[in-house]
Amino acid sequence: MATDASPQLRSVPPPSDFHPEISLSQSPTHDGLHFWQFMIAGSIAGTLEHMAMFPLDTLKTRMQALGASCSVQPVSVRQALGSILKLEGPPGLYRGIAAMGLGAGPAHAVYFSVYELSKQVLSRGDPNNSMVHAASGVVATVTSDAVFTPMDMVKQRLQLKNSPYKGVAECVRMVVMEEGIGAFYASYRTTVIMNAPFTAVHFATYEAAKRELMEVSPDTANDERLVIHATAGAGAGALAAALTTPLDVVKTQLQCQGVCGCDKFSSSSIGNVIETIVKKDGYRGLMRGWIPRTLFHAPAAAICWSIYEASKSFFQQLNSR
């Protein structure tokens with residue numbers, strides 16, 4: 001009796017709706033990584049990148065914000081830095097870093113995971129297509145900016161000199177009470193319009209530079225590969241940052257409007273903000289803060305891509321065991 005039961009159990013067919021190939025836990029995407037592993041790698045890389053370079057981001061915000069009492073209107077990075085250190089001390093360079101920490105992790109988890117997924121879907125067997133890299137970057141930034149924009153607005157308002165807010169919670173509460181939820185997304189359209197070309201240039205340049213550097217030294221060790229990722233990332237970040245500075249100035253204006261004497265705009269129209277800046281400071285006002293922005297994004301991109309690629313390598317080794 002017992003000997004007959006065993007064959008019968010083995011012969012039972014699996015359920016007709018059982019498809020093991022669609023299990024997320026057993027189906028890595030390209031590069032041999034799962035979707036959640038891209039998210040973790042991106043979150044770590046983005047958080048460390050922005051936290052490490054935060055003082056330069058504060059300098060950029062101070063230089064870009066216009067208004068009678070909003071800042072001392074520095075003419076150089078050195079003057080901006082000297083003003084902050086003299087009047088507020090080193091802690092002044094880190095006001096708003098908590099908001100950055102809260103926003104950067106989730107936003108970059110979305111950013112890199114959507115980028116990798118889009119690249120996989122759009123590449124169609126051609127992983128070296130620069131147009132695919134650019135398009136995937138645009139899709140990633142539109143999605144991640146929806147996550148990051150509210151905390152970016154809070155961060156920039158806290159970075160201003162004489163900011164009326166004591167911290168993240170108070171800023172969020174006062175903005176909701178006085179301006180409404182929509183204020184958190186006043187600059188979203190501008191942010192997307194800025195970050196779409198920024199990310200397209202950034203990702204396409206990074207992937208192309210990385211590929212060329214890998215071809216020059218195809219047999220590099222892991223530590224040398226990190227240098228390649230850092231070099232390609234720094235070049236891509238600097239180029240993209242410099243080209244999109246005017247839109248970043250507009251974004252800062254919209255996010256800081258009405259605070260510390262900064263100009264208040266009747267609408268979130270990009271043209272309206274540009275016209276106001278040009279009337280007040282000429283066309284050079286559209287490039288305000290380009291030096292700290294470039295100095296921020298070059299090493300920030302190097303840090304971000306190095307950590308991201310190192311995290312991917314770690315997960316690839318983990319998955320191969």
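For all residues, glycine too, the Cβ spot is worked out from N, Cα and C.
All TrEMBL annotations are machine predictions without curation.
Taken from TrEMBL, the feature region 'Disordered' covers 1-24.
TrEMBL lists 33-121 (among others) with the feature repeat 'Solcar'.
Positions annotated as repeat 'Solcar' by TrEMBL: 128-212 (among others). Helix, strand and coil counts from DSSP across the repeat 'Solcar' (128-212) read 71 helix, 0 strand, 14 coil.
Assigned with DSSP, the residues of the repeat 'Solcar' (224-314) fall into helix, strand and coil as follows: 74 helix, 1 strand, 16 coil. Marked as repeat 'Solcar' by TrEMBL: 224-314 (among others).
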